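A.B. asks: What follows is a structure written as structure tokens; I'll ask about it next.
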Amino acid sequence: MAMAALKGELVYKIYRALTYGLSPLLHLHLHWRKLRGLEHPLRWPERLGRPSLPRPSGPLLWFHAVSLGEGMAAIPVIKCCSQKRPDVNILMTTTTFSAFEVLKTRLPDNVIYQFAPLDTPPAMDAFLGHWKPNGIVIMESELWPNLIMGASKCGIGLALLNARLSPKSFRNWSRPVLFQLISLLLSKFSLIVPLSTLQAIHFQLLQASPFSIKFSGDLKYAVAEYEFLMKDFRHIDDLQKQLSQKHVWMAASIHRGEEEIMLGVHKVLLQTHPDIITIIVPRHPEHGQEIAEDLQKEGHSVALRSQHKKLIPGTSIYVVDTLGELRQLYKLTPIAVIGGSFLPGLAGHNISEAAAAGCAVLTGEIFASCILFVYLLLIVHFSWFYFVIISGHHVGHFSHMVIEMQQFNPLSVMQVSGKLELEKAVMELFSNAKILESRQKAAKEAFHALSRSVIANVWNLLKFHFLRIYVELSL
């Protein structure tokens, strides 16, 4: 173990030297991103560790998420911490400008919001030196070496919530050189809360301490904890009125290539339901504009969300090219097809939001066929558990959600293998109100059963395994 730690330290020193040397180039890269509108035009220096606000007095807890999805999952925990411990200051960071635009209005007023620093020694050291957090809560898979090692050197506690590693990341971290580094990084965490048992096994294979691994349930289920903003209600109410006399279905979080499948289903549905409205929500807003342009060239009448266009007669496709509205939009449709699951190489997306809204939920079979077989070897050696897992190529990030919901009720999530099965499934739901209602009810009940007490579980873990050590001692 001592030799492995020394090797990990050596690999980290190489990483630190490389990122230090690349700092000037990354600085230029930030300027280039700012010119393209990918960084905040005024606050981009925060990415270099230059704060835009003073540090308040008293203990401070730093929550870090890379983008919108992880940031939204962190909000209920942040709100809970703010309510339970008003004496603790909370700092929230994200990396992307798009996440900032959505999250800035959804955080409690007393939460400090900054852009996350680049993982370079100058930026990270400046950030930690200014904010001096007592504890850092990282969301999902933001395992940046300079952040983690810098925090450890300063005696700052580290927790990893909704912890997960994609199959690609797991394979990369398992390589001989990187394995030494990840083992060192994971040893610095006091608390790791994995998404699923499989993810827990991944972290233990990478030599995270089994004593740091605790379970709470997936924070994505805590979606019901968010409040709607008044402007959200107004915008959605207007669209709901336009859709009230229509047959509506939604294809959400669509990746490039999947729109062809969804538009093929749309054409089939038009033959039997002339009043059909297909809502397409691409994963990336710019893709929505491309879809709309292509359809208009083909002679279709398309309404774009960003242009606040009304659904005039003859318009049957509504393309959502905005961010942060998906949860509200699910309220408008009885059927939700979740993208990121119909083409090889994709890893799926969150299905809990659609289930929470009471939609009949459909996904591709990327979830069902992702694990070809599991061979589990359990060896007990000095109280350590070693697991050997052999799995297929396309293990979805949200496969555990599908499994958990289907275990609660098989009707809660419908999986289809491709375009023809999707056409058949959606047609059946539109033609049989009883089947549609049963699937909607099953999805909502499964969501509520699985979401119950997730935030309370996370709070208790943070309180007993983290806050009392790293925050309370600072008072």
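Numbers here mean position along the shown chain, with the first residue as 1.
Backbone N, Cα and C define each Cβ position, glycine as well.
Per TrEMBL, the feature active site, proton acceptor maps to E70. Feature annotation from TrEMBL assigns domain '3-deoxy-D-manno-octulosonic-acid transferase N-terminal' to 43-222. The site 'Transition state stabilizer' annotation in TrEMBL covers E140, K220. Taken from TrEMBL, the feature transmembrane segment applies to 366-389.
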A.B. asks: Return only the integer: C-alpha distance in Å from K220 (site 'Transition state stabilizer') to E70 (active site, proton acceptor).
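C.D. replies: Each residue's Cα considered, K220 (site 'Transition state stabilizer') and E70 (active site, proton acceptor) end up 9 Å apart.
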A.B. asks: Round to a whole number and give the Cα-to-Cα distance in Å for the pair E140 (site 'Transition state stabilizer') and the residue listed as 'active site, proton acceptor'.
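C.D. replies: Cα of E140 (site 'Transition state stabilizer') to Cα of the residue listed as 'active site, proton acceptor' measures 7 Å after rounding.
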A.B. asks: Looking only at the domain '3-deoxy-D-manno-octulosonic-acid transferase N-terminal' (43-222), report the model's average pLDDT.
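C.D. replies: Residues in the domain '3-deoxy-D-manno-octulosonic-acid transferase N-terminal' (43-222) carry a mean pLDDT of 94 in this prediction.
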A.B. asks: For the residue listed as 'active site, proton acceptor', write down the residues of its own chain that are at least 6 apart in sequence and whose Cβ falls under 8 Å from its Cβ; none is a fine answer.
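C.D. replies: Correct list: T94, M139, E140, E142, N162.
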A.B. asks: Report, as a single number, how many Cβ atoms besides its own are within 10 Å of the Cβ of K220 (site 'Transition state stabilizer').
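C.D. replies: I get 24 for this one.
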